[in-house]
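As C-alpha cells, the structure follows; a few thoughts come after it.
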Amino acid sequence: KNACGVSDDTAAISFFSITCKCDDIDFTCRKIQWEQCLTNCKWIIIIIMVLINVMHNVIESSPFINSSTSDVEKSQQYDGKNMALFEEEMDTSPMVSSLLSSLANYSNLTQGSKEHEEAENNEEARKKTAPRMGTLMGVYLPCMQNILGVILFLRMTWLVGAGGVLGTFIIVFMCCSTTMLTAISMSAIATNGVVPAGGSYYMISRSLGPEFGGAVGICFYLGTTFAGAMYILGCIEILLIYIVPAAAIFKMEGLEGAEAEAALLNNMRVYGTIVLSFMALVVFVGVKYVNKLALVFLACVILSILAVYAGVIKTSFDPPFFPIHFRSDYNYAALILCRVCLLGNRTLVSKGFDICAKTIEQGNATVTTKLWRAFCDSEFLNATCDEYFTSNNVSQIQGIPGITSGILAGVNGNLVIGTLAWPSPWVIVFGSFFSTCGAGLQSLTGAPRLLQAIARDSIIPFLRVFGHGKANGEPTWALLLTACICETGILIASLDAVAPILSMFFLMCYMFVNLACALQTLLRTPNWRPRFKFYHWALSLLGMSLCLTLMFLCSWYYAIVAMVIASCIYKYIEFCGAEKEWGDGIRGISLSAARYALMRLEEGPPHTKNWRPQILVLMSLDGEQSVEQPRLLSLTSQLKAGKGLTIVGACVEGTYLNNQPQAQKADQVCMKLMEVEKVKGFSQVVISSNLRDATSHLIQAGGLGGLRHNTVLVSFPKNWKQAEEHHRCRNFIEVVRETTAAHLALLVTKNISAYPSNGERFTEGHIDVWWIVHDGGLLMLLPFLLRQHKVWRKCKIRIFTVAQMDDNSIQMKKDLMTFLYHLRFDAEVEVVEMHDSDISAYTYEKTLVMEQRSQILKEMHLTKNEREREVQLIQGKNATPTPTSPTSPTAPTPAAVTPGEEVQMTWTDETEKTNNPAVANPESVKDMFNMKPNQSNFRRMHHAQELNGVIVKKSKEAKLVLLNMPGPPKNRNGEENYMEFLEVLTEGLNRVLLVRGGGREVITIYS
C-alpha cells in the first residue's frame, strides 16, 4: 500500500492499492502518484456511484413486500440453481450438494475430542489437532502387545503346569471365544456409522445411553490404567529375576517363604514407581515418541515368537536338558531330564522341597522329607497331615518336551519358555521385557484419551476438568490422574493380585459391547444398518454370557466389586449428570416397555389397593408466562413423593400460530419449576381462544391411554368478588362441574401462599381431617400420603366427624376407631355434636343480601361487563337492608361515579330506567328488597356458618385442615351463592384443602 504513496488511513486505499485500470490503460500505483491515479480514474468512481444509485432504486421498486438487500443477495446466490421455491428455507435446509460435500470431507477427530456433530462447524478446533496414531500404530500394535505380553511370557507356562494341556486348552478356548464373539459384535457396531472418538466407550454410550456408557467407560478406563500397572510389574519382575538379580535394593539372597516374597514386592514397588514416572514423562512429551518406540518393541516381540517356534522345532529332534540341583548325599544325578512331581493327579511346584517323596530311607531309619513338612504339622511320622496328602501317593514322571512347566520361577535362572527358545534364552528374556514396556506405554497413552473423551461428553460433572489439555489436544490432566491410579496398582506390587482387577473391568466392557449389539438387533432400530453382516443377536448374547461367567469364575468378589462400582457410577450419572440424547437402545427399550405397560393399563381400572392420586395440576400464568402459584407444585411434591403420574397443565390464550413461542416459554418455565420442586412428571401447555376451553381440554385430553390423571389440583380463586377476577370464578366453578362429570377427584387449596415449601419442617402440629360425608376414602388417604414427606412427618393426624341429634356419638367414635385400626392409620378421633340452634340475625342478613344481589343481576339482564360492575355496587350497599326494615339503596353521588361508569349505573339513571322495564317500575325494585330468603339457600348458609364455627374452634391452630367440598349447583343461577358458601365455610382458617372424591373407593381394609 505504501508503494502508492498514500497513508494507511486513507479511505480509498483499498480501491487503488494494487492497480488502477481504465479500459486498456493500466495505471500502476507504484509508478505514479496518488493525484494522477485519482485524476485518470475519476470517471470510474462516477460510474460506480451511478450503478449504486441504480441498484438502490431497483431494490426500492421491487414488487415483493419484504424484499431487502439480503433477499436480493440470496436470490442471486441461488440464481441458476433451480432453487427459487426453497430460497426461504436454505438457512435450515441446505442443498443436498452442500450436505454431501460436508460428508465427503469428513475426517475422524482425535480421541477425546468433542462429538463430530458439534465439531463439524467449529473450524478453530481443527487448527491444532493432536497427533493421530492411525490404524496400525493406534489399534493393531497395542492389541498385539497386549496379547503377546506379560501373560504369555510369565504365566502361560505356569498355567500349563497347573491345569495340564487339556485344561489350559479349554481355558484359552473360552477366552478366545469370548474375545472373538465380542469382536464380531464390535465390528457390527463400528460399521453402523462413524465412530469419531472414545473407542469402546463411544460405541457403548451411543448404543446404550450415557448412563451405561459412562459407567462402562469409567470401568474400561480403570481396566486400561491397571493394565498399565500390570505390564510395569511384569517388566520389573523380568528385570529383577531374569536379567539383573543383583540390582535388587531389598536383597532376597538367603531368604525363603514370606520374607523372600516381601522383599521381592518391595523391590517391585520401588522400581515400578521409577519406571512409571519415566513412561509418564515419555507420554507427556509426545505421542510421536511412543509411536517410534512401539515399532522397536513390536520387532522384539516378533523375534521372540519366532525364536520360540524355532525352539519347538528343535526340541522335536533334540529334547532339552533342564538342570535341577539336588543335594549330592541323596545320590541323585546333578543333571537329569525335566521331571514333574505329582501328588495324586496334581502337579507340585518344586519350590521348598528337594526330593519328590514323602519319606526316604536313611541308614536303618525312615526320615521325612521337606515335602512332608510342607503338608504336615511336624517332621515326625505320627504328625497330622493334609487329607489329600495322606490319601494320595507322590510320583515322578517325565515331562513332555516343549510344554512342561509348573515352575513359576523358571529353570536355572531362566524363563521356561526361554529355555525352549533358539538360539538363546536371552532372546525371550529381552523380548518379553520390551513387550511389557511397550504394552505399558500403550496403556498410559490410551487411558488418558479415553478419560478425556468421557470428560468432554460432560456426562460426569466432576470429571470435566480432565477434558482440558495442551494446545494440541494432548490430555495433560487426564495423564496425571492416570499415573496416580496406576501408582495404586504398583503399590499392590503383586502381578497375580492386579491381573484379576483389570480382567473384571475389561470383561464388563466386553459384556456391554455384546449387549449393545444384541439390543440394537432385537429392537430393529431404524438406524441399525451395519455394513458388517456376519453377526447375529444370538452370538452377541452368547458372548455376553461368557463374559459374565468368566468374571465370576475368575474372582467372584472382584466381579461383585466391579458391578457395584459400575452401578454407583450409573446412578450418579442418572441423578446429577448432564442429560444427553444419543438415540441409544435403552430409549428403544423404554419405548417398548412403555407401550406394553400402557396396553396393560387399558385392560381395566386399577384395584383399590393400587390406587394413588395421579394429579393434574392446573397452573395459572401471568402476562410474562410465569407461574403465579409455585406452592402448588410444592404441595404436589409433598403429596406424591416422586410416585405415580404428575401432569402440570397451563393455558395460553390466543391461536396456535401466533402464540406458540409463548407456549414454549411457559412449558420451559413449568419444567424448570418442576425440577426445582423435585416434581417428576410432564408439562403440558394448551393454547386456546379462551382460558375456559383450554382448561377443559386439559381435563379431557391429559395423559395417554390408561396413564391418565384421576385427580385435579387447583387453587381457590383469590379475590373472586372483584370484577376483574370474575372470569376466574366462573372458570373455577366449571372445573368443579367437569371433574364431577368426569368422575375425577378434586383438590382445592385455599390460601396456597401460606403452604410450606419443600425446605420447611414442621416439628409439631396437627393435620385435621373433617370427615363430614364419605367420598370414597380420599379424605383419609391424603394425610397419610402427606406424612410420608419430611415436611409433614412430625405432624399428627386428627379426624373429626359430625354427629347429628339422633346419632349415638359414643358408638360413632368406637366404630371410627375400629375402622381406622383396620385401615392401619394412626390418628386421634373426635366426634363433634352439632345441635340445632336459633337462626342468627347475621345469617339471615347475609343470606338475604346474597339473594338480593343474584336477583337484581337476573332481573336486569345486563351484559357481562355491566353485571360485574353491578355486583360491586350492591356489595357496597349490603349493609343497608335489615331483616326487619329493608330500605331501597340510595343513589350514588355524582362524585362517586366516574364518567365511564354513568352508563353502567342503569338502575339510577333516568334514561336507563325508560329503556329497562325491570327498573323503570319503582315498585318492582321495592318488592325485590322486600323479598324473603330462599329456604334452601338459608339452610345452606346457616349450616356453613355453624360448621365453620366448629372447625375454627377445634382446628384454628392446625397446620392443615382437610374438608369435604360441597358439590356445585346444578343450574347456573346460583353460582355466586356457591362461592359464597365456600367462602363462609373456610373463613378464619389458615391452610385449607377442600377435597371432593371421584366416586370410587380408594382405600380398603383388606390386604
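Yeah, the Cβs are placed from backbone N, Cα and C, and that goes for glycine too.
Copied over from TrEMBL, here are the features:
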COMPBIAS  883-892  compositional bias 'Pro residues'
DOMAIN    139-317  domain 'Amino acid permease/ SLC12A'
DOMAIN    427-616  domain 'Amino acid permease/ SLC12A'
DOMAIN    630-748  domain 'SLC12A transporter C-terminal'
DOMAIN    762-834  domain 'SLC12A transporter C-terminal'
DOMAIN    939-1007  domain 'SLC12A transporter C-terminal'
REGION    874-899  region 'Disordered'
TRANSMEM  40-59  transmembrane segment
TRANSMEM  136-154  transmembrane segment
TRANSMEM  166-189  transmembrane segment
TRANSMEM  201-222  transmembrane segment
TRANSMEM  229-250  transmembrane segment
TRANSMEM  270-287  transmembrane segment
TRANSMEM  294-312  transmembrane segment
TRANSMEM  501-522  transmembrane segment
TRANSMEM  534-559  transmembrane segment
Would you say the domain 'Amino acid permease/ SLC12A' (139-317) and the domain 'SLC12A transporter C-terminal' (630-748) are in contact under the rule of three or more C-beta pairs closer than 8 Å, pairs 6 or more apart in sequence?
no
Sort out the residues at least 6 away from either end of the transmembrane segment (136-154), same chain, that have Cβ-Cβ distances under 8 Å to it, and list them.
227, 230-231, 233-235, 237-238, 291, 294-295, 297-298, 301, 304-305, 415, 417, 428, 431-432, 435-436, 438-439, 442, 446, 495, 499
For a three-state summary based on DSSP, what are the helix, strand and coil counts in the domain 'SLC12A transporter C-terminal' (939-1007)?
31 helix, 10 strand, 28 coil
Residues of the same chain, at least six outside the transmembrane segment (166-189), with any C-beta under 8 angstroms of its C-beta?
156, 159-160, 195, 200, 203, 207, 507, 510, 513-514, 516-518, 520-521, 530, 532, 534-535, 539-540, 542-543, 546-547, 550
Count the residues of the domain 'SLC12A transporter C-terminal' (630-748) that DSSP assigns to helix (H, G, I), to strand (E, B) and to coil, and report the three numbers in that order.
61 helix, 26 strand, 32 coil
Please work out the mean pLDDT for the residues of the domain 'SLC12A transporter C-terminal' (630-748).
87
Which range out of 294-312, 501-522, 534-559 gives the transmembrane segment (201-222) the most CB pairs under 8 Å?
501-522
Counts of helix, strand and coil residues, the domain 'SLC12A transporter C-terminal' (762-834), according to DSSP:
24 helix, 20 strand, 29 coil
Give the nonlocal contacts of the transmembrane segment (501-522) in its own chain as ranges (CB under 8 Å, at least six residues past its ends).
178-179, 181-182, 185-186, 188-189, 192, 200, 203-204, 207-208, 212, 216, 219-220, 222-224, 226-227, 230, 489, 528, 535-537, 540-541, 543-544, 547-548, 550-551, 554-555, 558-559, 561-563, 566, 585-586, 588-589
